[in-house]
């Protein structure tokens, strides 16, 4: 098979969230030759999705070697280096890449993240020496008389700070918490209808708790997680096929639809325990539903609810048609006729007066 055909199939696999297949097809395309900068840069992105950050950096470097002005190669090198906590290397790559793509907000966002991580590392280093000047004050004879009445200076226990990020697929949100070397039995994760509770309690360390109200509803019984050597990966099964623009409900736009009917709403569920205390998830979800009931949908929200209701009552072919047409057209076409769209690629059709632009990642 020609390299161009393999590259096309690799792109299709990536769009379908089959990142392992995408990486393998890019490898076959590179072996078939010629090995282009685009192939290495795109395989780097597949490696990032798979968590193979060292391989991603290697591929990005090969792409840069073939095309020193390819901004997406620098971007992917920077993104992978951040995951490896190589912040200075990431910053250098992102700064150079942004010079070839001025105005690209993605570089601005990652550079800001880099600066924050570098500042955090810098602030942690001198903190260990804070006790030295405090101890030296004992030598001051004028203060010796007051030492008996001075409470001892106690250094606060170190609190683990785990970074996290997430990405969307059509059916789930994958949340990654970067907690290295955490024993599996120290991790307790509970799922609610629109709630997530993560507790990590390592002996001798301050407990870590992360309990957001989620951007949208999930299906608790389909959610799962895995504790790995460098991270905790949590897969949240979406109850409705919308793109999460943030992880937490507090950051979601007002226009995003809220209400959705699922079998899980009518079936009684037990309260989900956490590692510290028992939480009544049903009570929390009742409060969420009360807020949703009081919300008045209008504009885009009302339209989204209309389409969601169609999807809810549709048969399997109608749902397949809606999913395929919406995904392949970048959200510009929604068809319920599987016979019409099942055997062809649905072309994008932006509204009158608007121009379709591809966003390169």
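Glycine is no exception: its Cβ is also placed from the backbone N, Cα and C atoms.
Taken straight from Swiss-Prot:
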- 3-36: repeat 'TPR 1' (REPEAT)
- 37-70: repeat 'TPR 2' (REPEAT)
- 71-104: repeat 'TPR 3' (REPEAT)
- 150: phosphothreonine (MOD_RES)
- 159-248: domain 'CS' (DOMAIN)
- 255-295: region 'Disordered' (REGION)
- 262: phosphothreonine (MOD_RES)
- 271-361: domain 'SGS' (DOMAIN)
- 277-295: compositional bias 'Basic and acidic residues' (COMPBIAS)
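Computed over the domain 'SGS' (271-361), the whole-number mean pLDDT of the model equals 71. Here the repeat 'TPR 2' (37-70) has long-range neighbours at 3, 7, 10-11, 14, 19-20, 22-23, 26-27, 29-30, 76-77, 79-81, 83-84, 93, 100, 167, 176, 231, 361, meaning same-chain residues at least 6 beyond its ends whose C-beta is under 8 angstroms from one of its own. Mapped onto DSSP classes, the repeat 'TPR 1' (3-36) shows 27 helix, 0 strand, 7 coil.
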